[in-house]
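As annotated by Swiss-Prot, active site, proton acceptor applies to Asn425, Glu429, with the evidence given as similarity to another entry. Summarising the annotation, Swiss-Prot assigns active site, cysteine radical intermediate to Cys427. Annotated ATP binding site per Swiss-Prot: Asn5, Arg6, Glu11, Asp12, Ile13, Ser14, Phe15, Asp16, Gln17, Thr52, Asp56, in sequence order. Positions annotated as GDP binding site by Swiss-Prot, on the basis of similarity to another entry: Ser215, Asn425, Glu429, Thr604, Ala605, Ser606, Thr607. Annotation source Swiss-Prot lists dTTP binding site at Asp224, Ser225, Ile226, Lys241, Arg254, Arg261, Gly262, citing similarity to another entry. Taken from Swiss-Prot, the feature disulfide bond covers Cys216-Cys442, and the record attributes it to similarity to another entry. Taken from Swiss-Prot, the feature domain 'ATP-cone' applies to 1-91. The site 'Important for hydrogen atom transfer' annotation in Swiss-Prot covers Cys216, Cys442 and rests on similarity to another entry. Residues or ranges marked as site 'Important for electron transfer' in Swiss-Prot: Tyr737, Tyr738.
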Amino acid sequence: MYVLNRKGEEEDISFDQILKRIQRLSYGLHELVDPARVTQGVINGMYSGIKTCELDELAAQTCAYMATTHPDFSILAARITTDNLHKNTSDDVAEVAEALYTYKDVRGRPASLISKEVYDFILLHKDRLNKEIDYTRDFNYDYFGFKTLERSYLLRINNKIIERPQHLLMRVSIGIHIDDIDKALETYHLMSQKYFTHATPTLFNSGTPRPQMSSCFLLSMKADSIEGIFETLKQCALISKTAGGIGVAVQDIRGQNSYIRGTNGISNGLVPMLRVFNDTARYVDQGGGKRKGSFAVYIEPWHSDIFEFLDLRKNHGKEELRARDLFYAVWVPDLFMKRVKENKNWTLMCPNECPGLSETWGEEFEKLYTKYEEENMGKKTVLAQDLWFAILQSQIETGVPYMLYKDSCNAKSNQKNLGTIKCSNLCCEIIEYTSPDEVAVCNLASIALCKFVDLEKKEFNFKKLYEITKIITRNLDKIIERNYYPVKEAKTSNTRHRPIGIGVQGLADTFMLLRYPYESDAAKELNKRIFETMYYAALEMSVELASIHGPYESYQGSPASQGILQFDMWNAKVDNKYWDWDELKAKIRKHGLRNSLLLAPMPTASTSQILGNNESFEPYTSNIYYRRVLSGEFFVVNPHLLKDLFDRGLWDEDMKQQLIAHNGSIQYISEIPDDLKELYKTVWEIKQKNIIDMAADRGIFIDQSQSLNIYIQKPTFAKLSSMHFYGWEKGLKTGAYYLRTQAATDAIKFTVDTHVAKNAVKLKNADGVQITREVSRETISTESTVTQNVCPLRRNNDEQCLMCSG
């Protein structure tokens, strides 16, 4: 049997050659990772004439399939893939920069992949950069993290990867700190050690000729006219082209059958317009096929087209009334929630005939809205609960609309001196002011919280978190200056208000490393302390930057300029037990702030996969799940659980089959002790009330908002109403990002041993699980109030709410 080497030459291959290579890469791994076993798997999959690079990929896949035996197999898989990349790429920073800078397109025209100033910087400092860059850190990614980088992030020439992960991180760091090599290297080392990561657009574009590094763009319509609509559409296309996610407020566009003075005609309403936006999102992807364009459309529930809006993403119905590639959100005023709760009427209005509703909030909105009602200016009057149930029905069917509370978002914003905030972004964590002349922008980064756990002492390092939050704050502020803006209105907004968004990933991993169950008092206290530390550190760095460069342009008149911080807007008392807030407020009074907004925990979907952490502040959704890469699907087991089961001698093929049979839950597996069952509860087994409580606890330190998903296995109107009203009453800004549900019946699990599965089902049924009658729309009388329609158990005991019981 022979292989084709990198020169295309035939070469004999032996078991020993493959074994030696795998042994070389198995350093520091668990003894269960047996190179001989891996080698045998590779030999079994080989064929004569296989290329050496394909042989490496086969070896990596073999290890990835074995990762359910022990997580170190995933590390070995990544090492094999990384070693293969290293063989095909240069270890000289300047050489890589030369290739990227001198690249020419198919017609021979210069098409540099990095900017001239970055190229010149690398040549000037090449000796120091080559000394500082640490390629061994490439071997610290797991297989799926490395594959994510390989698929979308590492720069290519003619479809051949040129960058190593360390080159990527160095490029990003230099792109941010082009004028300061020490700060560039500080950022590089912290990112390469996985303490934090900048957001995907920053990783894509930093250091390139057009460094569009911002993640989030928020727009309001230019005008309620053909010119205004298509100018806004063009803005969306230009932003999407450069990898920005978009939130756009459409409540100022007139509704269906509204009079058009210019043509003496009537409007077709929102639906035909949104179908055009839908096709634009499909056509303009984010940077040449890296990921799809994504637009979230925001509307207020008084708009006359609200019912048609709620149907746009549904799978059934007429195609001309659907726009399924957009995401939808409702910007909910408190008045609507009160009317729903009290089972009162709700009037739908056209913004063309009832102007000013989108420009007001709180009492001012209520006065204007009721004035229009009294003057019979509305288009239609419905029961508030009928609209409420239409919202819930759409959420159950499609997972959207997102729910954000307009009054809470405006009342608790440090930008409320600018005007009324009309929408959020694609992921519901950015709350910023927009206008026809300003497109709001936010640059993001996330902190890997699990890196701050001292495993020996079982302690969390708040001092290190404080230090790194300050560095990230400085980085994100620097990006505002370094950024390429796809539209001028974005530059206007970002340079005036200078908001940034710092988030987290791996909070659930942090709890597991510290042995804190997600619902425990210790976890709840740590949750609060983490975000207090981050908010304090970000504010302190913003003050330091303001003392050097001056406060942001629109600072005067903001709550912060009056000594009011985020927790003050929640009427929460925060003492000086951990951080001296009085001293910080004194510094703010003296110097001001460089940034209007600072914290915005985002979903971290891609970057958490790169770093090997659980998403954001979310609990684990399952303890076993699929990861898809181009070469196939792989089972992945929660690595913390796998280690615990392995250390206790409980992990074997039978346990794996039981875990699959129970959809990744361990609650009904009798062999597993109770302490592990508490620690490894999935999100479906955690009380939703506790998740909302923890969101509110950290919310007093989050001056933007947070991407809060809601998880209900079998949603009903009663459960959803209970959950939404609880979040609203707790003062959340984002009440719900996505509604996540579980399928009523599981897909057939071909990999599950049927004998094990039958025993698992018997055990589960024997465990006293109660069957609760489902509540449907038909079982709820429109005569009753939502207060009566909540889960029956919650009426007398909040702790026993069906929505909360997991």
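Easy rule for this one: first residue shown is 1, then count along the chain.
For all residues, glycine too, the Cβ spot is worked out from N, Cα and C.
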Residues Asp224, Ser225, Ile226, Lys241, Arg254, Arg261, Gly262 [recorded dTTP binders]: greatest CA to CA distance in Å:
35
Going by Cα-Cα distance, pick out whichever of the recorded positions Asp56, Asn425, Cys427, Ala605 is nearest to Ser225 (dTTP binding site).
Asn425
By Cα-Cα distance, the member of recorded positions Asn5, Ser215, Asn425, Ser606 nearest Arg254 (dTTP binding site):
Asn425
Using C-alpha atoms only, work out the spacing between Tyr738 (site 'Important for electron transfer') and Ser606 (GDP binding site) and round it to an integer in Å.
17
Check the Cα-Cα distances from Phe15 (ATP binding site) to the recorded positions Cys216, Asp224, Asn425, Ala605 and tell me which is shortest.
Ala605
Determine, from DSSP, whether Ala605 (GDP binding site) sits in helix, strand or coil.
helix
Please find, for Ser215, Asn425, Glu429, Thr604, Ala605, Ser606, Thr607 as listed binding GDP, the greatest distance between any two Cα atoms, in Å.
18
Cys427 (active site, cysteine radical intermediate) versus binding-site residues Asp56, Arg261, Ser606 - nearest by Cα:
Ser606
Within a 10 Å radius around the Cβ, which one of these recorded positions has the most neighbouring Cβ atoms: Asn425, Thr604?
Asn425
Recorded positions near Ser215 (GDP binding site), in sequence order, restricted to Gln17, Arg261, Gly262, Cys442 and a 10 Å Cα cut-off:
Cys442
Cα-nearest neighbour of Tyr737 (site 'Important for electron transfer') within the listed recorded positions, Glu11, Ile226, Asn425, Ser606, Thr607:
Asn425
